[in-house]
Amino acid sequence: MKNIRNFSIIAHIDHGKSTLSDRIIQICGGLSDREMEAQVLDSMDLERERGITIKAQSVTLDFKASDGETYQLNFIDTPGHVDFSYEVSRSLAACEGALLVVDAGQGVEAQTLANCYTAMEMDLEVVPVLNKIDLPAADPERVAEEIEDIVGIDATDAVRCSAKTGVGVTDVLERLVRDIPPPQGDPDGPLQALIIDSWFDNYLGVVSLVRIKNGTMRKGDKIKVMSTGQTYNADRLGIFTPKQVDRTELKCGEVGWLVCAIKDILGAPVGDTLTSARNPAEKALPGFKKVKPQVYAGLFPVSSDDYESFRDALGKLSLNDASLFYEPENSSALGFGFRCGFLGLLHMEIIQERLEREYDLDLITTAPTVVYEVETTAKEIIYVDSPSKLPPLNNIYELREPIAECHMLLPQAYLGNVITLCIEKRGVQTNMVYHGNQVALTYEIPMAEVVLDFFDRLKSTSRGYASLDYNFKRFQASDMVRVDVLINNERVDALALITHRDNAQNRGRELVDKMKDLIPRQQFDIAIQAAIGTHIIARSTVKQLRKNVLAKCYGGDISRKKKLLQKQKEGKKRMKQIGNVELPQEAFLAILHVGKDNK
């Protein structure tokens, strides 16, 4: 056991985690050169295309160190995006140490900080690594000082490497073997294994990634899930060397995969403890804290026949993604679907794309909203995650919106732009600290403004240099109203949005204008209105298409023309009564872009 090292790699987006993982795998001979490809661990097509890591992946490698010993390295590559930070905290729970990778050109960024604090809270040994030293812009001395200044760990002798060229990667491994402690645990005690991650395989059922904390797990053992008390047979187990390799046992301190032929998706939840049925452990390991979704959106299948397969797909996906929340919902405009909760907009996009790709579904998404806390006049408190669930205005005593605490790190040059942006987003500054050339800003900004497009706008006002990390702080009373959209005097529930009263007029007007461009012209006039309660705040009309009925009259009599026009008018009137308007998917997404283009 003293030769096992469990660690994960944490860093900000694009600081080179996945590339470093590739080099480590290559040096330790996990894959032959022929099988080696860029970003081996980003196994989803989606991860490759966007160049980001979404799921944490684990690998077991053997490394022969300079002291002659062979060490078993179990390492986990983690995502860097703030939307996937729960993936990071789960991976860290399975480790004794973490490599903090910092780009020697960019320096410390907000996510570096957030992930590093998560690791320190879990009492992990953090080993700083300066990556990308082959870049002409690299300044390792400055960045080492920055790490000490901002993060507060000693980085004077931080390992310097370039994952792209492979320089210094062996030093990283040597340092890691030296500094990260071996796992603690009792190899002879009763079995306790923590489920770090699970996914669904069509042939094997549920596959779980486990970290053995105490005891040993052998193939063929009877295994008990501690939260449900159900027992299963350990049919197959093994490790990833990125390839799936079968083993006969997993020893104390190791990380590996396990197949127990669990067909029920909820059979082995992530964060649960597995123990042996014969000699069970007394208590479960501390799991993970549940993450609360920050953004909710309705997902509906385009054709209602897909509802069943959509439900199964969501079930399988939520096994793999512990933070996805969903409950059935129906909408008068879109039929049956699900209300899903996500950690952020990127998370929502990824889930939607995964559902469409991996499970072949066609989906319509409604605009995302955050959760509001409503105190009714009867002094009840309810939580509303969809505009259609908002009680009537005269029943609301107070409406409170969620406030996010945003930590931003940015170069001084862009401070003015960023502060202007935060004020425009109704932000309140709570702190500002200068670290050398960097400024650490803390603002309290309404969550609704943060999840909408704050990140994109922050990046564009600071030319990509600012970085953001946010978390939910509290609910705060605010003057929010619901803007409804009426099409031909009928409310479309999927188009409603909740916004601040000061912005309501503008948002309503913009939304109506956007709708006008997006709804195709019909044979009759379509009236689009935005309303707060019964008060109409904006209106616009999509003009009808009409045939020129007079084309066949040469010069003819005026009464003849009048008769034809009158006939056409009556036809249109009849059509308008029975006609219904098909809304394209773009119309539902238009709400997202309200407030973006006029800045």
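For all residues, glycine too, the Cβ spot is worked out from N, Cα and C.
Bear in mind that the values here come from a model prediction, so they are computed numbers and not experimental data.
What Swiss-Prot records for 2-184 is domain 'tr-type G'.
In this structure, Ile133 (GTP binding site) belongs to neither helix nor strand by DSSP; it is coil. Taken from Swiss-Prot, the feature GTP binding site covers Asp14, His15, Gly16, Lys17, Ser18, Thr19, Asn131, Lys132, Ile133, Asp134.
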Cβ neighbours of Gly16 (GTP binding site) where a neighbour is any other Cβ within 10 Å:
24
Number of Cβ atoms other than its own within 10 Å, given for Asn131 (GTP binding site)
31
Over the domain 'tr-type G' (2-184), what is the model's mean pLDDT?
76
